[in-house]
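Working notes, beginning with the structure itself.
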Amino acid sequence: MSVVTRFAPSPTGMLHIGGARTALFNYLFARRNGGRFLLRIEDTDRERSTQEATDAILDAMEWLGLTPDEPPVMQSAQVDRHAAVAHDMVARGTAFRCYVTPEELQARRDLGEEKRQAAKQEGISDAEKEALLAEASQLLAPFRSPYRDGASPPSPDAPFTVRLRAPESGPRTVEDGVQGTVTIDASEIDDLVMLRADGTPTYMLAVVVDDHDMGITHVIRGDDHLRNTFRQVPIYEAMGWSVPNFSHVPMIHGNDGAKLSKRHGALSTTAYRDMGYLPEAMKAYLLRLGWSHGDQEIFTDEEAVQVFDVSGINKAPARLDLDKLATVNAHFMRLAADERLFDLICPVLSKNCSLSDAEVARIRAALPHMKDRGSTLIELANAFAFLYAKRPLELNKNAVKALSDEGKLRLKGLYDDLQRMSQWSGASISETIKSYCAATGLSMGQIGPPLRAALTGGLPAPDLAPVMDWLGREETLARIDDQLAG
């Protein structure tokens, strides 16, 4: 059997990180088993589905490199097929026309709740309470339609829905790749609506038909769909179709164990891109969010394909840890090719200011030595601020203190030696500074602070010799001269 997985988001909002993790798991499982990974956009909710959300989902998938093996399937394009299956099931006797109206169903639920509340009243006997709770339980139980047994319609032209004839009784079991053996009683399954009164298919029917028609062999999705599985399997059985293997993945919680919300960082996937995270880092982090393989913490794309299996997914909800994500991102930033990293930070740099060719050259020269200066692209881009700061530099409090009269006096002697240098390189600059210190009896602790203040204005920067090399002779001497003349 050739493995076929799918990711099936609804375009009612942006792709959040929980959905991105589900897509990743499906992608990796297909790749690990030499199968195909497909994408279906479940856009049957006409009121809430938008093209903007669809585009955002596709954009996020492209950014993560989770490319489907075939063009995306739009669920709304299959509505005629969905309806045909429902009518076929009616003909087979596994589905039926139901004439119960939404108003009647709501009245049933309201009456059930009314009786449940009445059972809480004081002054009623235990027998009355028991009777009320029994009636409430029956009214609020999964709905079994009176028309499932062939009751006549109220009128020849009465509107109807098409409902699944749910299994009568007995245990219903699903062997889940993550949750293990899960069993419920058939009485917990309702006669679910497959076609609405206007003839449009419901989600429950559409998912099953599409998964069958797309040849899906393994369904990996959030565990909020676990109960749906027991409602969907009877549709497969009614049509005589093979039932796919199911694996239901626990939800992602916040670092406090509470349900994930925006306060935990539950942003759209592309928001993390805008925050300066690399796609390979995002995938590596999401992979370990609820999945493990030995003691290894970080996986490359290639390693993940080689070892991923649903058996490594934990049953307990994973906890989002943005500090861990930042650590993983910093790791992949250090591994990234210099030219790619430069291209990625350019948009961030351009937001700060317009860079001259000379400033761009400085950043290119410094980049290989400064990859560890941030855990996101934004932090890294900001770390280069000292290279494109405009003269005369604005000094922070510590820089002003370092450039006291005594500090400037020490700096003046070094400035004269730097002017006399015939070759400008990190090594020659370092040697000149050492020679100056030896000749004057000063230590680096005495000359370093005023020199750093003059070159960076107090902004964070690496060792001084490479900084002066990246700035170049002209800019270095000009920055020092600005402070000596000030």
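For all residues, glycine too, the Cβ spot is worked out from N, Cα and C.
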Annotated motif ''HIGH' region' segment (source Swiss-Prot; candidates 9-19, 119-129, 218-228): 9-19
Which listed span Swiss-Prot calls motif ''KMSKS' region', if the choices are 109-113, 244-248, 259-263: 259-263
Model confidence over the motif ''HIGH' region' (9-19), averaged pLDDT: 94
